């Protein structure tokens, strides 16, 4: 009896033990599944969602990294960099040199690479963020840092000197957006779109050093190069502008990837008030330049000896992306050599409502970069009338063709020597964008004009660096003419480039 009861007890105990073990494992498994579900749910919550749930008990140590680290990719990039650098050097030279020529500042006759190597230090990818905004595309944002040791020497030629300039201590901080257009054929990518995000703002730091000379040999050279680099980045690479690269030889329509005009901004530059005088004798001769993209820059006529000029000239500018682009207005004093800026202001297009005309009075600033603003004095204001018109499909295609025609006309006139650069501000001819452009060079254009004064007249060069007789002397002459002869000084003329269309023809008067 004792043996049988012992066997039964053992069987019952074993079954109970197995049942208990099975139940415990099932419970642990269900807890793991529930925990995984909770973690998945928490992982999908944003910082704001967690703050709503936790309230005042929200842990400050919780972070939400926007970019994933890719140490493996940095290791691969460092190994491949010598080969990438050598291949990229020719590509950069072939693609950037034409941009330097198109965007070179007035007064510089040549701007090319004398030396170009990318060095031995590879860029570092701080992180990658993969997103999907549109079907058939994969968008990848790359947080890029590069403190390399490239050897970059620019050959700079001006009217007064020729000097090689070395870019040292180059550092690049930017977030690049790379869009892959997917395809159903190997290599499964038909095109790549590359751009730099506007926010955070791309930062390119460097030091300029003259090789075998001095930067002072060409007055204002450092600022000219800074402006050129900044303009190329903003006008060619910074989103919404982009570079579209076909991949794999797959025939595909890339028109959807290219930047297209969204609308046009009709701007009437009405007047300026209480401008800052930059002249020792007489008053400034102000004119205004306006642009959304620096390569499509237009200017008003110059009003002589007036700190409260009234222009009342209208221009039409194409906008590619209303949400990210801005209208920039700069006021200059027309002078011999380099025209001096009196002030500038920027108006975001996102603040405008389509189909509504606004009249705005905007205060002029010494710089758009608040960190560089040293002069806090009032620089006056400028009054604008603005109207944003959104394009339909037909208007969009017509505007795209007009942009091409304008660029071709600018390049043709640059080659003919009528303007010094495609970046020169010009006046618009006719009522539409397709009517063409009349070229009126900036203060550093080329040409010969008659310079009159209240006392005498003469011939002066409109140029940079060597304008011995020009608007500066004509101002003195006009001042003396007004002082001595009164009304006879009204015949004083300003420098007018030959073989050009008068500026007044370019503006629609209101």
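Quick reminder: no glycine exception, Cβ is built from N, Cα and C everywhere.
Under the heading transmembrane segment, Swiss-Prot lists 1-21.
The annotation region 'Phospholipid binding' is assigned in Swiss-Prot to 226-488 on the grounds of similarity to another entry.
Here Swiss-Prot flags 278, 279, 285, 333, 335, 340 as Ca(2+) 1 binding site. Shown in sequence order, 278, 332, 333 are the residues of the chain, 6+ apart in sequence, with a C-beta less than 8 angstroms from the C-beta of residue 340 (Ca(2+) 1 binding site).
The coiled coil annotation in Swiss-Prot covers 390-417 and is backed by sequence analysis.
The region 'Disordered' annotation in Swiss-Prot covers 484-510.
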Restricting to the coiled coil (390-417), what is the model's mean pLDDT? 81
Other residues near the Ca(2+) 1 site, CB within 8 A of the CB centroid of 278, 279, 285, 333, 335, 340? 284, 286, 332, 334, 339, 342
